[in-house]
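Lifted from TrEMBL, the feature list:
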type	residues	note
REGION	1-30	region 'Disordered'
COMPBIAS	1-21	compositional bias 'Polar residues'
TRANSMEM	42-60	transmembrane segment
TRANSMEM	66-87	transmembrane segment
TRANSMEM	99-119	transmembrane segment
TRANSMEM	125-145	transmembrane segment
TRANSMEM	182-203	transmembrane segment
TRANSMEM	256-280	transmembrane segment
TRANSMEM	350-370	transmembrane segment
TRANSMEM	382-400	transmembrane segment
TRANSMEM	412-434	transmembrane segment
TRANSMEM	440-457	transmembrane segment
């Protein structure tokens, strides 16, 4: 979930149809060794809350939508936008994660659809956007802690605290994904509890006419801020696909987990928004990121504000853990399908976790956290958008060229309907990308070029046998 950064059943083979002359692709996964097969897998409840933290982590960060366009449009946005973006992305993730239940997720989809170059480029775009977003969450935690420990505001104490918090949080990832999943359940309940209390306190004070307030007419609607706030609060559903190989009965569990987490996520945004905008009559200019904490103080006093700030810190921890898990397993998955050298798929002996991926992602995120990374984060979001356009294309291509492939869960639309379903969010992505500034274009182009060079370098390493690679599906 990037919004916080603004302060990231079984099926049956079908008979080939006339538009599917080529055979179904071989699933690009590797056979797990005995220790991996025996490892404890993610079950439904932990998976639901890992998805929740991949996407949201609570209503923290929804406030700029009110600041940009007023309460009415903010409420409409959080009702309508899930159907434009969240539901299509979750449906695509459910179909392709159950069709390709291996680590790597969207990288596997792009490689199967368009070949290793596009799989590698998808991996570059997604891993850079994910790891850069990870860097924001320790910063958020320290920003909350420094309110009671001012010495953490700058200098070596702040740098030390950022490093220590990143290492400690990464260590939790190292000791097991199932542990991270259950920790996510606890963090979700604790971080959402202050909003439940605030909503209950606000209900008697709600005046519905306040929801229709379009805001101060003298302040122009900031459509860019409004759309970006909705987008970055309601995306990243596909991140969990990189964990598909670690899920118990993924063909059954993934669709259910995605369905439930879509409902929980959307309600966690909408209900507090309705409560606070209906109970407090305040100018939309006051609705900056973090305003919910001020609203809590207005409604109930300082104690609820403190609870909300603690909840925000816990939410940031959950976001860090979920994003680090998906990024680390993405690296492992890319090695399993032959895009990266085989040693990137190494797992910890005791905990069976992708320790190399965890170390790489943590190291990069710590380095980025010391920078003024506003433009870097914007560039990461731009690359995420490029990855999503490739993901939509891969989905349509696989449905067209490989319609006979087994799909334990299948989006209940034919090809024309799927194209429309993907075109709407794709058009939205293009609009967001066009209106970004030149620095973001330059940084994104540089990172993309680096990804292309990396693919060429890996191709040379494979050809000259400098490193050992797993075979690719087409080899």
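Using N, Cα and C of the backbone, Cβ positions are placed for all residues, glycine too.
TrEMBL entries are annotated by machine, without manual review.
Sequence-distant contacts of the transmembrane segment (256-280) (same chain, at least 6 residues past either end, Cβ-Cβ under 8 Å): 44, 47-49, 51-52, 55-56, 58-59, 62, 66, 71, 74-75, 78-79, 82, 86-87, 90, 93-94, 192, 195, 198-199, 202-203, 205-208, 210-211, 213, 233-234, 237, 240, 292, 295, 298-299.
Ranked by the number of CB pairs under 8 Å to the transmembrane segment (125-145), the listed stretches 66-87, 99-119, 182-203, 382-400, 440-457 are led by 382-400. The list of residues near the transmembrane segment (440-457) in space but at least 6 beyond its ends in sequence, with Cβ under 8 angstroms from a Cβ of it, reads 116-117, 120-121, 123-125, 128, 375-376, 378-379, 382-383, 386.
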